[in-house]
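Note sheet for the following structure.
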Amino acid sequence: MHPPSRQDYVSISFAEKGSGGYNNSKNWRRQSCWRKWKQLSRLQRSLILFLLVLLFICGIASYPSFNEHLRSLTDGEQYTDSNSVLRPVIPHVLPEPVEQPRPPLPEQTSQKKLPAPNKRGPPVLHNRLQRKDNSSDTGLREKAPEIKKDEGVISWHGAVIETEQGTEGAKDEGNKEASPANKKAEPTNETDASRLEGVREAFRHAWKGYKDFAWGHDELRPLSKSYSEWFGLGLTLIDSLDTMWIMGLKEEFEEAKTWVATELTFNKNVDVNLFESTIRILGGLLSTYHLTGDTVFLEKAKDIGSRLMPAFNTPSKIPYSDVNIGKGTAHPPRWTSDSTVAEVTSIQLEFRELSRLTQEPQYQAAVAEVTNQVHKLDGKLDGLVPMFINTNSGQFTHQGIYTLGARADSYYEYLLKQWIQGGKQENQFLEDYLQAIEGVKKNLLQKSSPNGLTFVGELSHGQFSPKMDHLVCFLPGTLALGAHHGLPADHMDLAKQLMEACNQMYVQMETGLSPEIVHFNMHEGSNRDIDVKLADRHNLLRPETVESLFYLYRFTGDHKYRDWGWEILQNFNKYTKVSSGGYTSINNVRDPDYTSPRDKMESFFLGETLKYLYLLLSDDPDLISLDHHRFIRRKPGSSEHSSFRTLKPAQDTLSVLSGLYTQETMSWTRFSNLLELERDSVRLIKVCTLFFFYCH
């Protein structure tokens with residue numbers, strides 16, 4: 001029995017220390033949070049941890065660039081004196097542009113530069129006989145574009161071009177006056193000789209890194225002293241053959257030739273990109289054959305050319321992007337049935353030349369079918385083409401976007417060069433080229449503020465964007481080449497204006513090196529002409545600008561173009577040279593203190609960039625003469641986004657260009673490049689992702 005409860009008192013119990021009763025202390029709250037964490041599922045905890053790690057890694061990767069961006073905003077675009085101490089050669093203050101009368105912006109038809117998306121220099125034939133061109137008038141009328149054919153003469157905009165001129169024909173007397181080859185050459189001095197030797201030394205240093213750490217492989221990774229493979233076919237070695245021959249590096253050339261003759265085989269079960277392998281491998285081999293006459297290079301060129309032919313076995317005859325050169329099969333990318341327009345229209349020079357040399361017409365017939373189809377397609381805007389074409393339907397896709405940058409640029413370049421390659425007889429190419437240049441003037445050409453730089457932007461569904469890829473800097477050289485071959489004289493004027501804009505893309509950067517993409521300011525009151533987004537600040541050692549400098553110097557004799565090229569080489573040496581051998585692309589051209597090297601030397605740095613610098617600085621106008629040799633081009637790959645490759649006949653110009661920017665294999669590395677994240681950080685993120693999902 002329980003005693004009756006008492007009503008005259010209240011009982012209060014006090015919990016002793018550690019008894020587990022209510023406690024509002026911090027220790028108790030921590031224990032409560034831990035209990036809540038433990039109540040989450042393993043998947044929820046894994047996701048939270050993964051996001052925290054991801055944010056931490058991205059913060060570390062982006063901190064230097066972001067911090068620099070904040071400083072630039074705070075300082076109002078003023079550069080600190082500390083930077084000047086670090087790079088005394090390159091002023092950090094934007095140099096005042098030389099005051100010169102600027103012609104008013106043409107009514108929407110200002111000249112614009114031709115796309116040089118991925119072009120490489122035209123391989124020239126040293127042993128060709130010189131032929132003289134017939135005189136050509138370059139008078140320009142302001143009437144609407146009109147092309148008339150009359151007894152072998154084409155009249156367009158008042159310009160009269162005699163189509164019987166050979167590919168290697170010389171300019172008329174008036175144009176000869178502007179050519180350094182016909183001017184009284186300035187005496188060679190020690191400075192000129194030392195500059196030329198400086199380019200050779202840069203090549204030797206790059207070649208040393210490749211030979212020591214990446215021999216026989218595709219690309220050098222100079223910082224890690226290793227290599228990377230794309231196709232496993234020695235891309236850098238083949239891409240460099242003509243450069244070594246031009247520079248007179250006989251020992252290096254013989255070593256590379258021996259490897260090609262004894263080690264290079266295309267009987268491999270590997271997928272290769274049609275465009276990249278055409279401009280880098282097929283073009284490189286053809287160019288070297290033209291320079292040396294050694295049939296080993298022609299035999300290898302025929303081997304790879306025949307193995308690429310399955311790419312054209314499509315319902316529309318528009319080629320697939322990828323070919324397995326061992327199995328003889330082809331397919332589009334895994335994520336789409338489209339190919340880029342630049343890819344499918346920038347292989348013609350090489351395949352046409354292969355047919356000419358082997359007397360086997362199937363190569364030229366395959367690429368001619370592509371050219372004819374694109375010529376007749378709807379969807380163009382004043383001669384400008386969209387970026388993609390479907391391999392099943394043969395029609396343009398993703399219409400409404402027009403650019404001279406990646407995925408379209410080399411289409412325009414190849415139009416002009418095929419016209420020249422064919423002895424100026426195939427008027428379809430000239431017609432499409434001239435119409436496209438007018439389309440550029442009308443739709444894409446604008447001027448920047450405050451200094452009125454002429455640049456080529458992009459058009460997206462009627463909306464203009466002041467975005468310009470570095471790849472577009474092949475256009476000044478292409479325009480100048482066309483003017484040299486009798487096209488309207490205002491093409492040369494536009495080439496000079498665009499060349500100035502491309503040079504400013506270097507000059508206005510703190511490292512003196514151009515970013516991959518810039519945006520020009522068009523609003524009055526802007527403090528500077530060029531802005532660069534954080535994701536666009538990388539430099540891949542591209543050749544487009546120095547190639548155009550080479551053309552402009554050869555055709556005008558103006559020594560400022562040589563000075564600009566030499567300054568670019570100096571900055572490559574300062575910010576991209578690796579002491580153990582090789583050069584590396586960098587992630588940040590805006591910060592001299594932290595350029596963030598990418599640990600990769602693209603093959604076109606040796607195959608194009610250094611070659612054009614050497615030709616630019618050479619005092620010998622007959623070294624790869626632009627009058628006395630046949631042009632066969634290849635483009636670059638990336639991007640790059642390139643014009644004619646001096647050594648490689650068909651491949652040079654086109655191959656380098658295409659390889660740079662055309663279709664890229666959507667591997668993790670390629671994807672990381674698109675995101676513009678540092679390679680190491682991306683790998684780390686990938687590892688963390690796999691780790692967490694594997695563990696849980």
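Any Cβ shown, glycine's included, is placed from N, Cα and C.
The recorded disulfide partner of Cys473, taken from TrEMBL and restricted to Cys502, Cys688, is Cys502. Glu276 (active site, proton donor) sits 16 Å from Glu544 (active site), taking the C-alpha atoms as the reference points.
Counting neighbouring Cβ atoms within 10 Å of each of the active-site residues (Glu276, Asp409, Glu516, Glu544), the lowest count belongs to Glu516.
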